[in-house]
Amino acid sequence: MKKNKEKRNLISIEILGLLLGLIWIAPFYLMIVNAFKTKRDIFSGVLGFPEEVVFSNFVEAFIDLAFLKSLFNSVLITGLSIAIIILFSSMAGYALARNKSKLSGIIFFIFVAAMLIPFQSVMIPLVSIFGQADMLNAGGLIFMYLGFGCSLSIFLYHGAMTGISKSMDEAAIIDGANRFQTFWYIIFPLLKPISVTVAILNVIWIWNDYLLPSLVLSESNATIPLKMFYFFGQYTKQWHLALAGLTIAILPVIVGYFFAQKQIINGVSEGAVK
Amino acid sequence: MQNRSLSFWLFLTPVIMGLGIVVVIPFLYGLFYSFTDWNGITANAFIGFENYINLFQESEFMDSIWFTVKFAVVTVILLNIMGLGLALLVTRNIKSGNLLRTVFFMPNLIGGLILGFIWQFIFISVFGDIAGLTGIEGLNGWLSTTNTGFWGLVILTAWQMAGYIMIIYIAYLENIPKELIEAAKIDGASSFQRFKNITFPLVAPAFTVSMFLTLSMAFKIYDQNLSLTNGGPFNSTQMVAMEIVRTAFSDNQMAYAQAKAVIFFLIVAVIALTQVYYNKKREVEM
């Protein structure tokens, strides 16, 4: 009897959950369905299916977004930023964890404290300084991402180092490895799980970042969010094109999520709870 | 590695340069410039607290702070209720648990700018059509008034971030020993009693974590604000972050904008330090 009641309860919870899930993806559904409509079709109603399915919106949006170029810029900037954040932050996390002096503690504290500073509080002098150094370009942007991203990453690497015994280093040093070899061949591979977390957190942030690239990059080397902003401004009141553009823009993220959802959710969970 | 060893410093050089040039130096420069008449290139005069006195008298800036505070309070409450609710839902023994986790979390991966554009379509066109079909007048003209702009931003943010808060609550929920719940079941505790006496107290730390996390996220929102309402109508849905960006890059009042940015820093820092204080206190109690 009791088992049956519990089972019924679970089924109603399941139905409630699925309904909520449908509501959750409704905005994406409405975006995609209407991206296949003609302008007139959208005007006469956005809730139904397309009268005739058209693909031309996607073609036009794809060309106007210069999508391959924007995608390339996004991949390049995100990829290089992540690579240097992971390399330099893991090195720093290692050095700070293996040096127990007061100075090392102070340096670590400064990195953690810097996380308190919101972007808007440094943005104006930052743009001015980089502008005077003629560094308002993709290279400058990647360096800025190192500066903004290293604090949290060092914090995570520093925490992970506590689980790696010092005898690992000592054995390698006795075998004649120098500090960098010890780090690169022994320690860095052991840090792989936390590197995955660091990579995921930074990819989500850098891939989607709008404000900083909008201040640094010119339109010719715009990333996807930046290009999307210009594109959307051109097509106000032309929802058929705007929605097709938005669909194209989020496609890479959805594909990535499909293949790595477990790692992504675990990574975000680890980054938030620590 | 010793302080004097070369390798210690070599390992740290890249990040010290990164943080120094990108965050620390601009921050200190900004602090200094906020007391001058800096125009982005040169500063001619030291003007003391003039920028600060002016900003507290500027209604647009104060309105943006007030709007942000209201937005933050509503969003924080809503997000935590939704996050905990979703977490309780997907951790039940249901078949679609993992699928639902994936779905609820999805909006988090897409940037606020793009999501804001999508919701602009939902609020204007979809809501308009539903109003036409059902006759519910309240669904017409969304985002064209301050009030609907406010709730539009709240809905967008809650939808985007609830999945993230859900993940935090799940992490704590899954740490609750199963035996504890089983034992209470055997002792005849109802599901409400189990929630009130076991689940809730053990999840309480997650409450502090996500409350401050959502509070500082809500304060720093920019992209969603830009793409959903663009501050309109008449700058009435403009949040602090956007107000600062506009003062700097549309009005070109660099020193004045920087003074606002310093105030913004103080607000965000106080929120974060309160969190650190609470966490420390809690750890001591435990």
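Cβ atoms are placed via backbone N, Cα and C, with glycine included.
Caution: TrEMBL annotation is automatic and unverified by curators.
Feature annotations, courtesy of TrEMBL:
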- B:65-275: domain 'ABC transmembrane type-1' (DOMAIN)
- B:7-29: transmembrane segment (TRANSMEM)
- B:65-91: transmembrane segment (TRANSMEM)
- B:103-128: transmembrane segment (TRANSMEM)
- B:148-172: transmembrane segment (TRANSMEM)
- B:200-222: transmembrane segment (TRANSMEM)
- B:261-278: transmembrane segment (TRANSMEM)
Winner by Cβ pairs under 8 Å against the transmembrane segment (B:261-278), considering only B:7-29, B:65-91, B:103-128, B:148-172, B:200-222:
B:200-222
Considering the transmembrane segment (B:103-128), which listed stretch of B:7-29, B:65-91, B:148-172, B:200-222 counts the most C-beta pairs under 8 Å:
B:148-172
Report, as numbers and ranges, every residue of the chain located at least six residues beyond the transmembrane segment (B:65-91) whose Cβ falls under 8 Å of a Cβ in that stretch; write 'none' if there are none.
97-98, 100-101, 104, 150, 153-154, 157-158, 161-170, 173-174, 195, 199, 203, 207, 210-211, 214-215, 218-219, 221, 236-240, 267
